Amino acid sequence: MTDNKALKILQEFLDISEPTLEQAIEVFTPLTVGEYDDIHIAALLTHIRTRGETFADVAGAARAFLNAGHPFPITGKGLMDTAGTGGDGANTINVTTGASLVASAGGVKMVKHGNRSVSSKSGSADVLEALGIPLNLDPDRAVRQLEASNFTFLFAPAYNPAVAHVQPVRKGLGISTLFNTMGPLLSPGRPEFQIMGIANPEQGQLIAEVFKDLGRTRALVVHGAGTDEIAVHGTTQVWELRDGTISHYELTPEDLGISHHELADLAGGNGEENAKALRAVFAGTGEPAHHDAIAATAGAMFYLNGTTDSIHEGVTHADQLIKNGTVAAWLKKHEEANYGSADRA
């Protein structure tokens, strides 16, 4: 039952038309520790949806849940995370997950935060499991995995258990809420670099501002022609955060040095089917659209952490790593690895 103190905080927030960041943190903090009844959680989420999400709402909720979460033992400098909001209905192969493996093979330190499928046939965890990448590692083993391979996967529920308090309400409401964009913002690695795909381009500037507030040095927020990915089928809108400044621009497949493909060419299946498609790309026998989509997103990763000076150069670098066998060799070395507590040579 919601106590009087929490109810007072909620009531005051609902009466404010333009809350401050501090007020948003204050109203979401009781939610992180289960102090609101479901009906009061629903009131909060529907109020924000009706009023319209503000920077304070999103940043305040993110800060409250990060404060309640469990950070990864290694945080910050040099780390990257990448994920999308989902919800675009495209059901493509796991482009971002495949690209993150290419980036790791090329030296990017990837702390990928994700979950199993929610809005698609295959979530990042589903395809990684099918590829043989170890999941469900405790923090110490995950650190060893990162040190050995430049990649680790962090299951969202293990690091942000407080989100469970809102899940029954989200499911019951059946409508999009602020929490549809929250997942990628709660990265346990508190990374220096982050790429986030968004299904709704109207949120681009806002999300970039939230990344600035959360301390990201560089970030890319992308929306690709109706999808939460860099598009090979049309124009991608990009909001780039770099050293405190946010810029907005557009990219076409031609800008990236890749061919134009149809969105249908990226249609995916379940985790096993998508893993097969990724393996084919890494082996040099994949569908051209799959190859180009993965290279495009990996190219953005190489640009973001400074490996290359432009996304176009990053795409070329990713293409070379795939074609010369570096990525396939990386996967063969690190799939099914144990990362146990015993000393390794």
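Placement of Cβ uses the backbone N, Cα and C atoms for every residue, glycine included.
These figures come from a predicted structure and were not determined experimentally.
For Asn115 (anthranilate 1 binding site), the same-chain residues lying six or more positions away in sequence with a CB closer than 8 A to its CB are Gly123, Ser124, Ala125, Phe155, Ala156, Pro157, Gly183. Residues or ranges marked as anthranilate 1 binding site in Swiss-Prot (evidence: sequence analysis): Gly84, Asn115.
Annotation comment: Swiss-Prot describes Gly84, 87-88, Thr92, 94-97, 112-120, Ser124 as 5-phospho-alpha-D-ribose 1-diphosphate binding site. All protein chains shown were included, and the count of other CB atoms within 10 Å of the CB of His113 (5-phospho-alpha-D-ribose 1-diphosphate binding site) stands at 25.
The annotation Mg(2+) 1 binding site is assigned in Swiss-Prot to Thr96, Glu229 on the grounds of sequence analysis. Reduced to three states, the DSSP call for Glu229 (Mg(2+) 1 binding site) is coil.
Per Swiss-Prot, the feature anthranilate 2 binding site maps to Arg170. The 10 Å shell around the Cβ of Arg170 (anthranilate 2 binding site) contains 18 further Cβ atoms across the protein chains shown.
Residues within less than 8 Å, Cβ to Cβ, of Glu229 (Mg(2+) 1 binding site) and separated from it by at least 6 positions along the same chain comprise Gly84, Ala90, Thr92, Val95, Thr96, Gly197, Val222, Ala293, Thr297. Here Swiss-Prot flags Asp228, Glu229 as Mg(2+) 2 binding site, drawing on sequence analysis.
Calculated from their C-alpha atoms, the gap between Asp228 (Mg(2+) 2 binding site) and His113 (5-phospho-alpha-D-ribose 1-diphosphate binding site) amounts to 16 Å.
In this structure, Arg116 (5-phospho-alpha-D-ribose 1-diphosphate binding site) belongs to neither helix nor strand by DSSP; it is coil. Cα of Arg170 (anthranilate 2 binding site) to Cα of Arg116 (5-phospho-alpha-D-ribose 1-diphosphate binding site): a span of 17 Å. Classification of Arg170 (anthranilate 2 binding site) by DSSP places it within a helix.
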